[in-house]
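Q: Before I ask anything, let me first share the structure, which is written out below as structure tokens.
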Amino acid sequence: MQYDFKKQLRSFGYAWKGIRCCVGKEQNLSFHLIVTVLTIIAGFLLDITRTDWMIVILCIGVVIAAELFNTAIEKLVDLVSPERHPIAGQVKDIAAGAVLVCAATAAIIGLVVFIPYLTRFFL
Ligand SMILES: Nc1ncnc2c1ncn2[C@@H]1O[C@H](COP(=O)(O)OP(=O)(O)OP(=O)(O)O)[C@@H](O)[C@H]1O
């Protein structure tokens, strides 16, 4: 199969459209984006190291990607099961649980990274 650069660009466009259709509409995603902005500001203010930036950026990416997967799953469930069904509810709850695991992990890593800078900054 021949590599089609135009098709590749179109795929990026569809992916970008997917992200845009969630931004500003999904409350949880908005929360994660606000935390992301605050984390990035803190990173610059506290002048964290390159390695710490990589860890922080990885955490941000994982949480936002998890939230996008969760939103996609929610929409798919609403499409295939507009009526209430226990399994439909479980699917949504499990997807939300996955986001919670990612977000809690990222929060703990954030504390491990930022606490030493904060103690040095304030003490
Ligand atoms: N189709 C469904 N069948 C059974 N339970 C559902 C279904 N949809 C949602 N739920 C339950 O409700 C919880 C919240 O789901 P969701 O965030 O999609 O809100 P909703 O109840 O569908 O209402 P809304 O979309 O207006 O917020 C889910 O985690 C799940 O426990």
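The backbone N, Cα and C atoms fix where each Cβ goes, glycine too.
So TrEMBL says this about it:
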BINDING   TYR14, GLU26, GLU74, GLU83, ARG84, HIS85, LYS92, ASP93  ATP binding site
BINDING   GLU26, GLU74  divalent metal cation binding site
TRANSMEM  29-48  transmembrane segment
TRANSMEM  54-73  transmembrane segment
BINDING   GLU67  substrate binding site
ACT_SITE  GLU67  active site, proton acceptor
TRANSMEM  94-118  transmembrane segment
Q: Which bits of the chain, at least 6 residues beyond where the transmembrane segment (54-73) starts or stops, bring a Cβ under 8 A of a Cβ in it?
A: 18-19, 22, 26, 28-29, 32-33, 36, 39-40, 43, 48, 91-92, 95-96, 98-99, 102-103, 105-106, 109-110, 113
Q: If you measure HIS85 (ATP binding site) to the residue listed as 'substrate binding site' at Cα, how many Å is it?
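A: Each residue's Cα considered, HIS85 (ATP binding site) and the residue listed as 'substrate binding site' end up 23 Å apart.
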Q: Using CB atoms and a 10 A radius, I'd like the single residue among the binding-site residues GLU26, GLU67, GLU74, GLU83, ASP93 with the highest neighbour count.
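A: Counting every other Cβ within 10 Å of each candidate, the maximum falls on GLU67.
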Q: Pick the one among the binding-site residues ARG84, HIS85, LYS92 whose Cβ has the fewest other Cβ atoms within 10 Å in this structure.
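A: It is ARG84 that, of the binding-site residues ARG84, HIS85, LYS92, has the fewest other Cβ atoms within 10 Å.
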Q: Between GLU26 (ATP binding site) and the residue listed as 'substrate binding site', how far is it from one CA atom to the other, in Å?
A: 9
Q: Just checking: which of the binding-site residues TYR14, GLU26, GLU67 have a C-beta under 6 Å from ligand 1?
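A: Checked binding-site residues vs ligand 1; nothing flagged, none.
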Q: At the Cα level, what's the spacing in Å between GLU74 (ATP binding site) and the residue listed as 'substrate binding site', rounded?
A: 10
Q: Hey, does DSSP put ASP93 (ATP binding site) in a helix, a strand, or just coil?
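A: Once the DSSP labels are grouped into three classes, ASP93 (ATP binding site) ends up as helix.
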